[in-house]
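Annotated active site per Swiss-Prot: Asp51, in sequence order, evidence recorded as sequence analysis. Annotation comment: Swiss-Prot describes Leu48, Leu49, Asn50, Asp51, Gln67, Tyr110, Ser111, Arg168, Asp169, Glu223 as substrate binding site.
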Amino acid sequence: MSLNNRWTVEQRYRRLEQIPQCDIEEMTLSRQQDKGFPSFHIAPKFGLLNDPNGLCYFNGEHHIFYQWTPVGPVHGMKYWYHLSTKDFIHFTDHGVGLHPDQDYDSHGVYSGGALVENNQVLLFFTGNKRDQNWNRIPTQCFATMDSDGSIEKHGVVIENEHYTEHFRDPKVWKKGDDYLMVVGAQTKTEHGSMALYQSKDLKTWQHKGPIKTKFSDLGYMWECPDFFEINGQSVMLFSPQGVSSSNPYDFKNIYSVAYIVGDQLNLESMTLENHQDILQPDYGFDFYAPQTYLDESGRRILIAWIGLPEIDTPSVTHQWAGMLSLPRELTLKDGFLVQTPLPELKSLRKEEVVFAQSHTLESTSCLIQLDLVGDGFELELSNLKGDNIVFSATEHEFMLDRRYMSHLYAEEFGGIRKAPRLDAKQTIDIYIDNSVIEIFINGGKHTMTSRFFIDDLNKVTLKGLEQARLFPLKGITGLFESAK
């Protein structure tokens, strides 16, 4: 059950300035006491974090915004919170970047993307407004961030004329002299789509229509769309809602993430030409709303929300929810998007420990590396009571089992996730950070990203492999040091 059902509308839509200081101090203290709070993942100081927004590389730094509801670990009044970093280890906390302070975003500054141009960051977001009857009025809006970090809004650039009230999450890029924008949209026939708009000046946008693929009946809404080119191919990345599958791997969460690779987008026919079947980048329990951007060296970097809409994790009892994934470089191989943790993260590693069979964890923030040669294995993380989460493999598939954690949640969606094993011989990276696990399998062609909750986690047990490598990991710095 979602906390949204236990809060009144008035409570969920309180603004930051309306939250008593004593409540902020109480939420902060509760979060600080949570042993499950991560040390090397971005998470909120209190309240709820969801979608990454406005990702870009600007003025020598990576800029990361994210959706933030400060009133509590619940979806309500949304702000854009702003961080920057040069190395993903040391961060600068800029505080709130975009506030819901206009009529068109009176009920939240919803998700969107960024484009760097002419020594400015162009920020595109959805203005969320509700009328007296609680009908949603979404618009696509525009702001700029200058080199000194100052942000100015420029109002609405696209009204909703063609879709239901589910019309949000703009992502903009430039191709030649044209600006192109994709927006997550629900058609009037209640199908999910990636709507495309075109502009010459960022002010007047022409509606080109939904991008056509053979998956036009996939779900009832596509959120957080992204469109980019990589290795000469075009990729549609999105988070569809209302999708299920009979096979043992795909679309097992309440909502999922998918991508489609094709040759090029034909702006005349509005089709993604020669596109392949739909694929999933992640087979874990908690992965949603990924967004990508290019850095100064041309790397395509992906960051996702480790969480899901309408699902509450046990951390809500400590007045926080949600975190961002580790940054992952994207490449394209054999038709798959390959995700690789950025090499900058190697700076987090402490001295390597090699263990066999079992090992007592001195730190529950660590990297475990496994070298597979073809056989099955089992890796168990546990406490003295036997509460556990188990990652294992057979000859043909991987499995993540969290049915026996200390604190269960989202049980109606099952406690096991599976992924196909594509190669007998491979190295697996497993990042563990107190209450989150990110597993890179099949050479990065798939990941398994999940939250887990084990009280006093202290042991890792290995079966089926002779040994594993473990690196304790340092924490990132600079979060929560903003004066704003």
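Each residue, glycine too, has its Cβ placed from N, Cα and C.
What Swiss-Prot annotates, mapped onto the structure for a quick look.
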residue	record	contacts (Cβ under 8 Å, 6+ apart)
Leu48	substrate binding site	Gln67, Trp68, Thr69, Gly72, Pro73, Val74, His75, Gly76, Trp320, Ala321, Gly322
Asn50	substrate binding site	Tyr66, Gln67, Thr69, His75, Ala289, Trp305, Gly307, Pro309, Gly322
Asp51	active site	Tyr66, Gln67, Ser111, Asp169, Cys224, Tyr288, Ala289, Gln291, Trp305
* Structure fact -> Judged by other C-beta atoms within 10 Å of its C-beta, the most isolated of the binding-site residues Gln67, Ser111 is Gln67
* Using all protein chains in view, find how many other C-beta atoms are within 10 Å of the C-beta of Asp169 (substrate binding site). => 29
* For Asn50 (substrate binding site), what is the secondary structure by DSSP, using just helix, strand and coil? -> strand
